[in-house]
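Scroll down for the structure; my scribbles are underneath it.
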Amino acid sequence: MQFIDQARISTRGGRGGDGIAAFRREKYVPAGGPSGGDGGHGGHVVLEADSNLQTLLDFKYKRLFAADDGKRGGPNKRTGVSGRELVIKVPCGTEVRHLTTGILLGDLIEPGTRLVAAFGGRGGLGNAHYLSNRNRAPEKFTEGRDGEEWPLQLELKLLAEVGIIGLPNAGKSTLIAVLSAARPKIADYPFTTLIPNLGVVRRPSGDGTVFADIPGLIAGAAQGAGLGHDFLRHIERTRLLIHLVDAGSDDPVEDLRVVEQELKAYGHGLVDRPRLLVLNKKELVQESDLPGVLADLENASGRDVSCISAAMGTNLNELLENVWNELGV
């Protein structure tokens, strides 16, 4: 399935039905009064979070969503049928913003959460409303009102508690694959991961925690370089980051600094998010050299650094213990 995490749509509420001018025409009622009914209200357009959806792909080709119009009123003060509500399903974690102003209108996180994206117009009034002592046979009625019409920006931000970050080829996809049932594409070249991968890792209690493998960052990602803003947004909701550094890199300390700089440049509090610094691919470093690499990273970051091999399955239980401790589970 193609992963689409941004979409622009237009929503239009249904137009209200017109009221009508009508008069009672019944036997034995020679001077029947006004009986024009009101128009039905236009239908609303509603966005609803659905846990079965994982992408905004449905909005790639369909951009305009319009609810039904209300029907005109009828004689004998009959109100017209209101337009049906149009419900649009979106993935949980979808933010809804006004396209031109950028104002946040809603954040649909929990399944079933709803947001009215365009209200339908009110129905017009029939002439029965205009009966008065001065005017016993009013002809006046009003037309229905147009529904609202809004241009919207939808942005999907994945609902993962733990985000795995690092430069391309740091081993993020391998780690999420061995910790969970996720099966991301894995190969030995940069940018193998072009979409975020989600995996569920079981806690000691048996409950699941969602991990997200975020596509590799590069220098300038916060300004849009590489995969840039397209995927940095997906770690905004995480409670904890696992920052992987490739032990086989020519300069692990510089790799660390690049990612930290991008987190700082992007903002949204990411650089201050709780983070575990992890040296991966320990099998690529001589045992005698490993303490020096770890010390360099600890001095540069001011953090404790753990050491694993995702490919070999080394020290993964210790890593998970650190994760659960940070999450308080």
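Using the three backbone atoms N, Cα and C, a Cβ is placed for every residue, glycine included.
Swiss-Prot lists 1-159 with the feature domain 'Obg', giving sequence analysis as the kind of evidence.
What Swiss-Prot records for 160-328 is domain 'OBG-type G'.
Annotation note: Pro215 (ATP binding site) sits in a coil segment as assigned by DSSP. According to Swiss-Prot, the ATP binding site annotation covers 166-173, 191-195, 213-216, 280-283, 309-311, on the basis of sequence analysis.
Take the CB of Ser173 (Mg(2+) binding site) and look out to 10 A: across all protein chains shown you find 24 other CB atoms. The Mg(2+) binding site feature in Swiss-Prot is assigned to Ser173, Thr193; the stated evidence is sequence analysis.
Fewest other C-beta atoms within 10 Å: among the binding-site residues Lys172, Lys281, that description fits Lys281.
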